[in-house]
Amino acid sequence: MAGVEQAASFGGHLNGDLDPDDREEGTSSTAEEAAKKKRRKKKKGKGAVSAVQQELDKESGALVDEVAKQLESQALEEKERDDDDEDGDGDADGATGKKKKKKKKKRGPKVQTDPPSVPICDLYPNGVFPKGQECEYPPTQDGRTAAWRTTSEEKKALDQASEEIWNDFREAAEAHRQVRKYVMSWIKPGMTMIEICEKLEDCSRKLIKENGLNAGLAFPTGCSLNNCAAHYTPNAGDTTVLQYDDICKIDFGTHISGRIIDCAFTVTFNPKYDILLTAVKDATNTGIKCAGIDVRLCDVGEAIQEVMESYEVEIDGKTYQVKPIRNLNGHSIGPYRIHAGKTVPIVKGGEATRMEEGEVYAIETFGSTGKGVVHDDMECSHYMKNFDVGHVPIRLPRTKHLLNVINENFGTLAFCRRWLDRLGESKYLMALKNLCDLGIVDPYPPLCDIKGSYTAQFEHTILLRPTCKEVVSRGDDY
């Protein structure tokens, strides 16, 4: 409506000419209106621009925030990836196959695996191995104490001078401890004796890090059963199986640079033998307690017998006094020499020879429900080159070859037929017999008490150090 009325009022001027004054007024008014319109447009334009600018500012602010957040999260992801890469071994970088450089993590000390496979020398990289049980020497016969040895500067210096030797014994002893702990975790009735010995020896070789004559097994694994007291290990083809009622003596040795650990224990499954084992263990510990510098060997034997015979054991309704096996004994140990000359009796009436400073002894006792005497029996499996033998001329080529094999692999340490088989030797029995006949090699057949009797054994290696006595093979087990 308003638009129609406005058009009507201007009707006269639209078709006719305007007066000059009217034209000037019209021109000026139209110019003013045009200027006003321009100003309004500018204002509108400015308002629109400022609104757009504000909108853009808002959007750009949000965008900056979003970008900042993305960068932050990306940085976190990269950090996590780097951490993961440090833990891992580093994967190939896509198709290029390039490996990223990783920061090496510091490795902690090695720990033993299960089953044991890490050599003892790798578990103790500083080369210092765990000591055995250190004991004060027993008082002398006139009642004087030996405590002064532990504080004497002279004795300390002497002890330190032989530290390398003691350390070799300790390394071999730690291997022995770990192997026997492993054996006790799996030995059970139903296993063949060959299976038991080979599993034990394989583990022992790994832990001692077998290296020719520098480190390895000191003698074959004895696994004598029941009335057999010592020196039995199965030959190839032996089908003997361990039974629930068997009493098995596990006697094995390790060495580092010829420093031998000779240590043994008895395994049973039937508790009826418990007292027999207690008697023999007690007798061995008594022998260890009595041993010392300037102690007479016969006095050690007498103390052992007294303790052993104080025990009675009932087996299958029969009562037996536990008897020490009088023709078996402990012995001194030398470098690469399991029996170094001195014997430690386990009954009274032995030699009056004295133990000396710096010597190493295997203190072992055997208890029996039989006669208390052993004899050679069964097929021989243990052999050892005679330590004192000189040059003996050998004519037969096979015998010469076998002696070379023995010299290279065992030297003067004991060995068994299984170990010759393992080296690839065959048809060697005649050559071995020839070496025995010539006195170059000595056979050590199994030693047995009467049939139907039961025998037990415990043994430790002791070091007669200048300052103290160290039961180097002592463990938590015995």
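Using the three backbone atoms N, Cα and C, a Cβ is placed for every residue, glycine included.
The substrate binding site annotation in Swiss-Prot covers His231, His339. Positions annotated as divalent metal cation 1 binding site by Swiss-Prot: Asp251, Asp262, Glu459. Per Swiss-Prot, the feature divalent metal cation 2 binding site maps to Asp262, His331, Glu364, Glu459; the stated evidence is sequence analysis. The O-linked glycosylation site feature in Swiss-Prot is assigned to Ser60. According to Swiss-Prot, the N-acetylalanine annotation covers Ala2, on the basis of similarity to another entry. For 1-122, the entry in Swiss-Prot reads region 'Disordered'.
Within 8 Å of the centroid of the Cβ atoms of Asp251, Asp262, Glu459, where the record puts divalent metal cation 1, the same chain has further Cβ atoms from Gly222, Phe252, Gly253, Cys263, Ala264, Ala362, Glu364, Gln457, Thr461. Once Cβ contacts within 10 Å are tallied over all protein chains shown, the binding-site residues His231, His331, His339 are led by His231.
The divalent metal cation 2 site is set by Asp262, His331, Glu364, Glu459; from the centre of their CB atoms, other residues of the chain with a CB within 8 Å are Cys263, Ala264, Gly330, Tyr361, Ala362, Ile363, His460, Thr461.
Listed in sequence order, the binding-site residues near His331 (divalent metal cation 2 binding site) (C-alpha within 10 Å of its C-alpha) are His339, out of His231, Asp251, His339, Glu459. Comparing Glu459 (divalent metal cation 1 binding site) with His231 (substrate binding site), their Cα atoms are 14 Å apart once rounded. Of all the binding-site residues listed (Asp251, Asp262), Asp262 sits in the most crowded Cβ setting, with the most other Cβ atoms within 10 Å.
Other Cβ atoms within 10 Å of the Cβ of Glu459 (divalent metal cation 1 binding site), summed over all protein chains shown, number 24.
Separation of the C-alpha atoms of Glu364 (divalent metal cation 2 binding site) and Asp262 (divalent metal cation 1 binding site): 9 Å, rounded to the nearest whole number. Note: the CA-CA distance between Asp262 (divalent metal cation 1 binding site) and His231 (substrate binding site) rounds to 13 Å.
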